[in-house]
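Read the structure below first, then the notes.
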Amino acid sequence: MANKLAALLVSFAMLMAAAAGFYTPPSPSTCGLKVGYYHDKCPHAEAIVRGAVGAAILRDPGVGAGLIRMLFHDCFVEGCDASVLLDPTPANPQPEKLAPPNNPSLRGFEVIDAAKTAVEAACPGVVSCADIVAFAARDASFFLSNSRVSFDMPSGRLDGRYSNASRTLDFLPPPKFNLGQLVANFAAKGLSVEDMVVLAGSHTVGRSHCSSFVPDRLAVPSDIDPSFAATLRDQCPASPSSGNDPTVVQDVETPNKLDNQYYKNVLAHKALFTSDASLLTSPATMKMVLDNANIPGWWEDRFQKAMVKLAAVEVKTSGNGEVRRNCRAVNY
Ligand code: HEM
Ligand SMILES: *[C@@H]1O[C@H](CO)[C@@H](O)[C@H](O)[C@H]1NC(C)=O
C-alpha cells in the first residue's frame, strides 16, 4: 500500500516535471528493454527478422501460429532467453524443446534459424536469439492479423545458457487447467487475469493435436457444443496415441486469421480446451470474453500490450546472459 502510494507520488512528480519541461521521459522501456535497441548497433535487425517471418508465413501460415506460441513457451520457462531453442547435447540431453509441451507440437525453429543467419551476416554477434523470438512473435502477429495487430517490441534481451525439459512441466499450463490454476500460473510470471484472457486469444490461429483435448473434452461429458464435438470426433481417434495423433484447426471460422473470433468461439462453446472453456466460469473473465468478442479493436489493443508484457518476463542481464552465435547452442 505504502509502496503503491510512493510509486504514484513519484510518477506524479515526474509528470509535473515533464509538463514543466525539465524532465525528458526515457524512451519506452520495460525491465531495461528498449524500443529500437538495435537502432545504432544493427540498424536493419528488425527489418531482417520481419522479412524472414513474412517469407515463412507466405509458404505456411501455420508457422506464424508456431512463432506466437514460441514466445509464450520461451518466456514462461527461465524467462525470455531463447532457452527453448537449445538443441540436445551429450552434456544436456534433455533441453526444453524435447519436453511434451514442446515436442512434437512447437514449430517455427527453422524460421528463427533463417532470421539469425541473415542477422549474423549483417551484424555478427550483436542480436540475441531471445530478441529474434520476440520480434518474430510480433511480426507473425502483424502478418496473421493483416497488420491490424501492429506494435513496437522493446529489445535488448540476452540469451540463457540453461535449458531443462522438466522445468517446462513446472511452468507451462496444460490444457486441462481450470480458471483458478490458469490465473495462478500467469500470476507466477507477473501477468494479470486480463493478460491471461487476452493472450489466450492467440488460440484464434494454429492447430492442436487431438491428444490435447480428446481425453477431457470428448471422452467425458463437457460443455462443448454437440455438433462441434461431432466434427472433432470425425477428425480424431477416440484415444489418441503418439503414433496416431492428428491435428485440427483451433478456430474453425477463420483458422489462419489473428482476430477476436476466439472469444466468439468460446461463447458458442466451440473452443477446444478446458482452459478455453474455463474463461466463462467467473463473472469477471466472462465479462472480458464478452468485451473482446463484441467491441471492435478492444482485443487487438490489449493483445499488443500483453505481448510486450509477456516478452519482458524474467529477462537476463549481462551477469547471466550472452548473445548466442547459433540459436541452437550456447557459446563455448
Ligand atoms: C492460457 C493457457 C494456455 C494453455 C492451457 C494453452 C494450451 C495450448 C495447447 C494444448 C495447444 C495445442 C498444442 C498441440 O496439441 O499441438 C496450444 C496451441 C497454441 N497456443 Fe496455447 N495455451 C495457452 C496460452 C497460450 C498463450 C499465452 C499463447 C501465446 C501468447 C498461446 C498460443 C498458442 C498458439 C498460437 C497455438 C497454435 C500453435 C500451432 O499451431 O503451432 N497459447 N496451446
Ligand atoms: C532439471 O530439473 C530437475 C528438477 O526440475 C532436476 O532434478 C534436474 O537435476 C535438472 N537437470 C539438470 C541437467 O539441471
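If you go along the chain as it appears here, the first residue is 1 and each next one adds 1.
Placed from the backbone N, Cα and C atoms, the Cβ positions cover glycine too.
Site annotation for Ca(2+) 2 in TrEMBL covers Asp251, Thr254, Asp259, and the matching candidate from Thr204, Thr281, Thr285 is Thr204. Disulfide connectivity taken from TrEMBL links Cys327 to one of Cys123, Cys129, Cys210, namely Cys129. The Cβ of Cys236 (disulfide bond) lies under 8 Å from the Cβ of Cys210, Val214, Leu218, Pro246, Val248, each of these being in the same chain and 6 or more residues away along the sequence. For the recorded positions Cys42, Cys80, Cys123, His203, Cys327, a Cα-Cα cutoff of 10 angstroms around Asp74 (Ca(2+) 1 binding site) retains Cys80. Considering only the recorded positions Cys42, His73, Thr204, Asp251, Cys327 (disulfide bond) has His73 as its nearest partner by CA-CA distance. Only Arg69, Pro173, of the recorded positions Arg69, Cys80, Ser83, Pro173, place a Cβ under 6 Å from an atom of ligand 1.
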